[in-house]
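A.B. asks: Below, the features straight out of TrEMBL:
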DOMAIN    9-428  domain 'Major facilitator superfamily (MFS) profile'
TRANSMEM  49-72  transmembrane segment
TRANSMEM  79-98  transmembrane segment
TRANSMEM  104-124  transmembrane segment
TRANSMEM  136-155  transmembrane segment
TRANSMEM  161-182  transmembrane segment
TRANSMEM  242-266  transmembrane segment
TRANSMEM  278-300  transmembrane segment
TRANSMEM  307-331  transmembrane segment
TRANSMEM  337-361  transmembrane segment
TRANSMEM  373-393  transmembrane segment
TRANSMEM  405-424  transmembrane segment
Amino acid sequence: MGHIRQYCAGLLAAFGAFCLGTSLGWSGPVGHSVLAGEAFKFAPSLDEWSWAASLFTLGAACMCIPVGILTFRFGRKLIMLLLMLPCLLGWVCIIGAQRPFMLLIGRFILGASIGTFCLTVPIYTTEIAQVETRGVLGCFFQLMFALGILFSFVVGSLCTVFLLNILCAIFPAIFFLTFMWMPESPVYLVQKGKTEQAEKALNWLRGKDSDVSADMAAMNADSKKEKTNICKSLSRKVTIKGLCITIMLLLFQQFSGINGICFYVATIFEEAGTGLSPAISTIIIGVVGVVALIPAILFVDMAGRRIFLIVSGILMFLTTFIMGAYFKWLMEKKVGWLPMTAVCLFVFGLSMGFGPVPWLIMAEMFAEDVKPICGAIVATCSWLFAFCVTKVFPLCLRDLGPSTTFWGFCVISFLSIFFVIFVVPETKGKSLDQIQELLKG
């Protein structure tokens, strides 16, 4: 029963990642209608539409650190619930947009609210989980995120933009009405001296018949450690090492090219002469991304984090090399199936490893006193990386050509393999205190 309740709370928290996925994936299927003036009473320029996609990532980058501070002071659950209000406001701005600037404002507000869930959800799910369920719960974020993107791809291809906007605006309300019944993080409650509430939360998460005394003792001992100011805490060698590892993992995640490939997958397939419509190509990518998460969810707690990252890096390296080779030498050979297969394998590889695992490791890597702040720094870097890739990818395609662009991603994926082998520690089956000791070594 305890594991079921942890999975339930983790899934409901991760439904916020579903809302994030619908918001981020929204720009993919609606782009043609918006640019043609069919979705709104205006037709934005190509540059304005580019900013509509990019402002989401900038909004998220701007708010991750403030939200990290707020989650430390006021709790993970409360902040996630309150973030639904600006999220709804963002969708209202988009639904009622009469001019391009309203669309841009709506996208920025969405990023500033729901974009920060890449920070809050992994922290919450890690803090409610036992060691043996932490890996599975940590993958829920990426699973729901991928399902949200798939939802936008499918519904956006079948329905009007207005209906998609309405449906996407409903999901934050559903999150609020369901997640409000879940317990606050027991780690946060102990940090604030609310031991009775923390024990009650643990009893609900573990089951009434379970003994939570050991967990309570560990959390109490951690909260009573000598407190230092945040600057001293962040300057600890173990904290800096954790920051470097997680930021580099997310740099490899973003600069492998995933956001660029997903945002421009229809263009890639068109250049390759596959004959697939933009709607079908985006749906295929969405389905592959969801299916690839199944092995990660089932086996990440048994096989470990490192093996998934290594296999993921190898697949990304091989597929980006193949895509570069296709655009360099094989475009005239009428083998359009090759880039389509390579893109699908690339998305599969990333989604089983470098998609979910860096967020899981981010939530495992830091001591409780610095986790929200360090997580906020990491999430901010991730969104800034995403912004850079989104803006630079089309320029690279135009100025360098697709072959050189994909070979650049190939080099980055190749480097990621060695980074994991020689730098990233294995956190499987270890308590958060044991991970801190591992980093000290």
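Placed from the backbone N, Cα and C atoms, the Cβ positions cover glycine too.
What's the neighbourhood like for these features in this structure?
C.D. replies: Beyond its flanks by at least six residues, the transmembrane segment (104-124) meets 13-14, 16-17, 19-20, 23-24, 48, 51-53, 55-64, 67-68, 71, 76-77, 79-80, 83-87, 89-94, 97, 138, 140-141, 172, 185, 359-360, 362-363, 371-372, 375-376, 378-379, 382-383 of its own chain at Cβ-Cβ distances under 8 Å.
With a cut-off of 8 Å between Cβ atoms, the residues of this chain six or more beyond the transmembrane segment (307-331) that come close are 249, 252, 256-257, 268, 271-273, 296, 299-300, 338-339, 342-343, 345-346, 348-350, 352-355, 357, 401-407, 409-410, 413-414, 416-417, 420-421, 424.
Counting only same-chain residues 6+ beyond the ends of the transmembrane segment (373-393), those with a CB under 8 A from a CB of the stretch are 50, 53-54, 57-58, 60-61, 64-69, 72, 111, 115-116, 118-119, 122-123, 230, 234, 239, 242-243, 246-247, 250-251, 253-255, 257, 259-261, 263-264, 362-363, 365-366, 405.
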A.B. asks: Under 8 angstroms for C-beta pairs, at least 3 of them, ignoring pairs fewer than 6 apart in sequence. Is the transmembrane segment (278-300) in contact with the transmembrane segment (405-424) by that rule?
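C.D. replies: Contact absent: fewer than 3 Cβ pairs fall under 8 Å.
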A.B. asks: May I ask whether the transmembrane segment (405-424) has at least three C-beta pairs under 8 Å with the transmembrane segment (161-182), counting pairs 6 or more apart in sequence?
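C.D. replies: As far as Cβ distances go (cut-off 8 Å, pairs 6 or more apart), the transmembrane segment (161-182) and the transmembrane segment (405-424) do not touch.
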